[in-house]
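Working notes, beginning with the structure itself.
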Amino acid sequence: MNHSDTIVAQATPPGRGGVGILRVSGSKAAEVAQLLLGKLPKPRYADYLPFRDADGSTLDQGIALWFPGPNSFTGEDVLEFQGHGGPVILDLLLKRILSLPGLRIANPGEFSERAFLNDKLDLAQAEAIADLIDASSEQAARSAVNSLQGVFSTRVNHLVEALTHLRIYVEAAIDFPDEEIDFLSDGKIEAQLHQVIHNLAEVRSEARQGSLLREGMKVVIAGRPNAGKSSLLNALAGREAAIVTDIAGTTRDVLREHIHIDGMPLHIIDTAGLREASDEVERIGIERAWHEIEQADHVLFMVDGTTTEATNPAEIWPDFIARLPESLPVTVVRNKADITGETRGVEEVNGHSLIRLSARTGEGIENLRDHLKSSMGFSGNMEGGFLARRRHLQALELAATHLEQGKHQLLAAWAGELLAEELRLAQQALSEITGEFSSDDLLGRIFSSFCIGK
């Protein structure tokens, strides 16, 4: 990719609309303005002008905006044509611009990439642009704006600065071992390291919430046939998404519903009843059910309350619980409380959450909704929250691992050189979030997922 080229792309969605925008960025943007507008508009003022073809005829007329670099989104000279949103008109205008030498169609995300490369925004902020466009809820959109304004980046940069300060002390202890003050053993480095680890844990917790807000929580409903799994899916979805009958094994395949609970996206997955398969189709359905369970963020273990009084999942179905990943959160849902007369509500039983409800009548469903929010650490008040991606979580986790290893080197061996290296690696992992340290491959993967005009 040649970043010295002047690029152009449509910045509005394809199709018919009231307004269509073409964006130009690069050194030849001023030349484009002279040839199509007949003049260079006043910087940052809206000029109503005809857009001219090569023969002088008018292709369209509309608003022209001129942003000379470096005071523009990309940091380069930027020109925008805001005309009528007909696809034919926009195509003619685009062809006219591309007929000029040195111009080409922008690659996906190239405008944002140039803004990043020209230090107009960091990598986390650039990703927030795409997240804001793709936001599926009001809370996700607000958190994306926070990320775009630098809330997440500021938290990360504070951690990086703290590590820089800590590394200065450690490097001094290594370089000047004969000094009267032993920086490694006087407790100051240990105290600072503990504080950085604590602050990083807080950022990781907020980032996990931001990731859930962006990507959604995968909740799998599992259990024996006829426990009420499909009825629960319908109750949570608020519509008849799944067929419900008294015939065991009605659900043969995986059913998915995407819902929001107070702005938090959930992917609710209904699975085939787990039992010895009676035919090949059911066997495949059960295999798929286990695949979904093993990939879940949370499992709702549906139990027909009329068949057992047990509340401990290990007593209800020990083989099922034994097969689950140890770290997977499981909530036991005792269904048919309208028949058994059980009190609706949530309680803790032997390390598992237990909810009594009726999927058929809807009693207790709100308790389940509230439980799903709280079990994932989600708070309805996330004014200062930010969105995070999986790569951000991985970088934060890697940084935490290096800090814990550095702590071990400090406390167990007083190994200053090894501690310094772990601090450097932690700092490098954090710097990947904002793009201060990043590979070309990483940048390519991130910006290739953007819209063309961004």
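Backbone N, Cα and C define each Cβ position, glycine as well.
Feature list (source: Swiss-Prot):
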BINDING   Arg23, Glu80, Lys120, Lys454  (6S)-5-formyl-5,6,7,8-tetrahydrofolate binding site
DOMAIN    216-377  domain 'TrmE-type G'
BINDING   Asn226, Thr245, Ile247, Thr250  K(+) binding site
BINDING   226-231, 245-251, 270-273, 335-338, 358-360  GTP binding site
BINDING   Ser230, Thr251  Mg(2+) binding site
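Structural mapping of features recorded in Swiss-Prot.
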residue	record	DSSP class
Arg23	(6S)-5-formyl-5,6,7,8-tetrahydrofolate binding site	strand
Glu80	(6S)-5-formyl-5,6,7,8-tetrahydrofolate binding site	strand
Lys120	(6S)-5-formyl-5,6,7,8-tetrahydrofolate binding site	coil
Asn226	K(+) binding site	coil
Ala272	GTP binding site	coil
Lys336	GTP binding site	coil
Ser358	GTP binding site	coil
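Calculated from their C-alpha atoms, the gap between Arg23 ((6S)-5-formyl-5,6,7,8-tetrahydrofolate binding site) and Lys229 (GTP binding site) amounts to 50 Å.
Annotation for Glu80 ((6S)-5-formyl-5,6,7,8-tetrahydrofolate binding site): same-chain Cβ neighbours under 8 Å, separated by at least 6 residues, are Ala11, Ile21, Leu22, Arg23, Val24, Ile63, Ala64, Leu65, Phe67. Of all the binding-site residues in the record (Lys120, Ala272, Lys336), the one with the smallest CA separation from Ser230 (Mg(2+) binding site) is Ala272. Once Cβ contacts within 10 Å are tallied over all protein chains shown, the binding-site residues Arg23, Lys120, Lys229, Lys336 are led by Lys229. Within the model, the domain 'TrmE-type G' (216-377) shows a mean pLDDT value of 80, rounded to a whole number. Taking a C-beta cut-off of under 8 Å and a sequence gap of six or more, Ser358 (GTP binding site) has these contacts in its own chain: Asn335, Lys336, Ala337, Asp338, Ile339, Arg344, Gly364. The most crowded of the binding-site residues listed here (Asn226, Ser230) is Ser230, judged by how many other CB atoms sit within 10 Å of its own CB. A straight line from the CA of Lys229 (GTP binding site) to the CA of Lys120 ((6S)-5-formyl-5,6,7,8-tetrahydrofolate binding site) spans 50 Å. A separation of roughly 10 Å, to the nearest angstrom, links the Cα atoms of Asn226 (K(+) binding site) and Ala272 (GTP binding site).
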